[in-house]
């Protein structure tokens, strides 16, 4: 369902009544969750957003977003968990196991065929047709997909594990997963087996060559029934998958030696020190605590890891920053009521100077390579000039006509060549050009045509450029240049008042610079922890505007200038950023 990009219709903060209804719906849909787990999944006070979108096939989907990650989605009044939720509650749904090579096809939009299932020693989970199920990979219980069973367990066994097993709705690495923090599945060890089962499983790992051949082509049967379904890669034996199982099991022991809370505390401090050492400069101070977290700490989180303060011992960012202040690394002040800012940093503190920037993991880089979106590169914007009807006679000798687009250097060359070809350079003063009838008609005002006989070169060229119509050329990476008349509109940032005297930040003209308003809205929603909406821009045909709750000009400016590297001259409204100490 989310194998291709979707279109966001709206993104708003959830109301109290809707939050209570969602809790009730979660309790009904997933009765195995306890009251505390439901409260953890649907928090009482933390921000929770409702995103309404259209999937690429037109299905209307409602997505619930908490902490920047989609946690649930609703389709045709049915509630489904995302992989982010299943990683926290891996036993929420009956789970079926497949081989790692199959994942690529599931991400591409294929359903899971029964030949791709791995039969566990205890047998397949008992499900009925239409039941919601999770799909995991051999060696790791963390689900990588969810789907609906196409038949009951009894029918699966009766069919000899042939045919369509599950209609897949959502997977790790699809576009719904990409709308979150893009973390990788955690390593969750398989459930413990008794000695008899362990012996049986160990024996099953030693596959003979015949069985390996059957496994290599197991998905081809499914492909006959469903053209989108997977085919195992010919250059990699599936016998490697069970070997990975034992390796993952060994690696899990070292990870389990520390509690999840201790691991999150270490990650929090690592991102904190990394951000101070590499991203924050003295000129950035004072720096809003929320900006420090959203624009600096999150970007320092290693690939495959998810920074979640709520899972640390600190629980809140303010408490963590107070601890760092006690260690005299930073100084924090409340410059406006309820809003904390970092006002000073001791960059000579031993913890900062001794901090070693971690190198990116080759494994995580490989895992994320296929799913990482191409980075944004600013367009090449070139000013041009368009030949109007009144200037046609001057430019037609050089092969140009009305409506031709020229660069400034081309205009200069054409005018100089015209003057020299027609012997218009003054013999007594080479810096002057005599004006013939064509030049008079093209560049002089009516009241000047009988008084001005000569012009200096610079004045002639300046007047010529002024008489031409402005135009511009935009070239986006990998695309053909786009040429338009007029001057390119800058990205326009404004502040507006809405109901209850609330401020919102509105940004327009993103499309002219190759930016997708929906993508920008999603990024700002996570960075600012504020609701965002995308609406048609008033008075502009086929143009959209992004609206963010509160004064978010600082976050927006950082995104456009620092991350997207857009020139400041193409952005207007940056001066409206909230000043330190000023109340929102």
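Cβ atoms here come from the backbone N, Cα and C positions, even for glycine.
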Segment assigned the feature region 'Disordered' in Swiss-Prot (from 188-222, 223-257, 258-292): 223-257
Within the predicted model, mean pLDDT of the domain 'SUI1' (491-564): 86
Cβ neighbours within the same chain of residue 1 (N-acetylmethionine) - under 8 Å, at least six residues apart: 55, 57, 59, 61, 75, 169, 170, 174, 176
